[in-house]
């Protein structure tokens, strides 16, 4: 629980003043520059958002001073009240502290003037973070601060030392508090030592929170520690004067209890009560009346207390955290939180465009890492000195250059096998007098990497090999055409005849080189690329070893196994620094350059530079736990690539295929649900079922010689629905349509019950299987609605529905919905394959084929497919019934001179009469009813058309027989 007390403790921080120059070699304020937007040309300083707590102030001013002095960039600070406000601030919202209007604009911010927040408690507000990721200016998460946040049970090191000196009792472990074997209460004050005016009665705390205490009772079974009130609510039992809850191990004798104090309404209550009961800790749990009372009791009494870190409140006491058994994830998920809690990730976030505004700055920020002792020292210095944060952090930077110097980016600091290269002149250079444009590049063939030490430290340059020299200092070899002469290598023609001594390697030596994996045909080229050396002899010969399979060195002449790295298309999954190299082929969707490693893929940094950094390609996704298992995203725009587990637009899941609870997917983006969507869906559902009721009166008119206006309108409307369904089906094709056409198709997807684009998740929830089931059940629900209407109508004699007409309406309903039923039923049957050979549903990429969720969807879809085909899609019952009806009608006509009225079938697509006054109307069944699975081929299309024409002509012939013509 983070309390923003820093503003009250340090009011001067609300109006931070710019410091002139802190570091001796820093940039003078007059020489500092603003950031320049490359698109608009606008110039502005770097904005640092500072939430109002001590660790945030410390790290923000630390980073700000370094950015101003060493990177020469102007900095401004903006104070916000908490972490939620900081998210909105870095996203570009203009009034982040206003909870009713963050100033983000109706469509989200378009530009941000706040570019950095240090000390980000990223994981505490996932819904807010997801919301900012839907903006056009989403903040980006950098690496860890180097420490984690904690929230636990602490006590002073004074009590720790007293118990250890008295009896060797280790109170820093939960076993030291076990009342079965020890009496830890001897080293703490009793509950009676606290003035009751400094405490809240139990009735005013979370001990009277029914939800919390019910959870405690369920997890612990401690019926004596709670009271079930007459209204059924569960509250904590506080014996005596009602100010302390006592754990089972000291409930019978409060004098043996360890005093425990917390603040607020009872911060950390659930975990403390469960641990005290589970691990037999004698504890008296009390809550301070105010924040000041809580701090005062913890400082003046021998007590355990609630605390979170990093925070300066109790630093003078050198607090000690009690260590509990390791975190049990499964138990926590079931409500048992008596084991240790996980640390909270604390990192840094930057604006979406900072990498474009100041790319070197992003590298610097990513390098910043400090440990908990360091941040505690910063906060304690400020607290004891009473100074403002800027001079405190300036003093820390002046005294600790060994910590922050490694954070600073220097593009001219090169490593062995590399040299400084000027990208402006496109030449390798031998010094860094002018650092502009200097970068590091691998030394080309014919040169070697030479160490250079100057005022800026150590770097490397590429220097040409002396004529005739080609090996490292511990190996000597002559190049053909050269001879050793004294300590020099000369051309053969320049060596005096009387001193000529052949120094070429013999064939035997060359054969040895070949055994060292250097082909003789390539010997000269390989030798010329090796590192230069100057040894006065040839007693040693080259001993070349091959790098492991699928690996190589970055340049020839390497001297250590650690120079080996994986080839392009492979990635090292082992730690090469300990003599282990294992190159695994990268799956599709991973970009694996030479020398790529699994560690660099995970953390996004490579010691040789970004050119050697593996990355996830755009449109693909990998998890943090298995970064080599690649998933193909359903939409390319959903997955930005880069680091593992990255999704765009607030999407989550594998692979970026769903939205968090409370959000719905619209055009591939997650948007927060609006209450109005739920109302609209409720009204829309009511309208659909009322329309089904009205369809009984619209579609059951009597057969007439001429088509009525209502009948013609109904037919036209049905044909329009079929057309729009077809357009919607086209929109489901896995083709990247242009944006304007894609949105056009999207509107008709509702006719295929593709409801996700219309906020259906706000009504049905984020569970994919549940939403799919709701779509499938629409059809049986429609049939059930007709039957319900029929049953209700029987109670009203004047408005009874005719069973035949109801059946006809059902047939029409299933006929109109045939395309929709087919498309919906086939969703669980259409899987696509990921590069890791797993499969996902094409419609729902987050559903992995073969899982339980997919199995449930498959069962529902297949059932719909079977039922739908029985009523509509099977050619056998359709055609046999059609021909049978026509043959029966023709026989009736020949058997009797009187015309017979044949009841019209209920499964007609369009009804036609062969001539005016005819008593028989033909039902034309569309070709899709009898074409089989070969519709997708050219042969299937032509075959379907031919069959349709044949059946239609045959039907007309039967009608002519009936009419006697």
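Cβ coordinates are placed from backbone N, Cα and C, and glycine is handled just like the others.
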Annotated transmembrane segment segment (source TrEMBL; candidates 641-663, 710-732, 871-893, 894-916): 710-732
Correct range for transmembrane segment (source TrEMBL, candidates 744-765, 920-941, 942-963): 744-765
Intrachain residues whose Cβ lies under 8 Å of the transmembrane segment (772-792), provided they are six or more past its termini: 689, 692-693, 696, 753, 755, 760, 764, 801, 803, 806, 809-810, 813-814, 817, 821, 824-825, 827-828, 844, 856-857, 860-861, 863-864, 867-868
Folded-back contacts onto the transmembrane segment (844-868), same chain, C-beta under 8 angstroms, at least six residues removed: 631, 633-634, 653-658, 768-769, 772-773, 776, 779, 814, 818, 821-822, 824-829, 831, 838
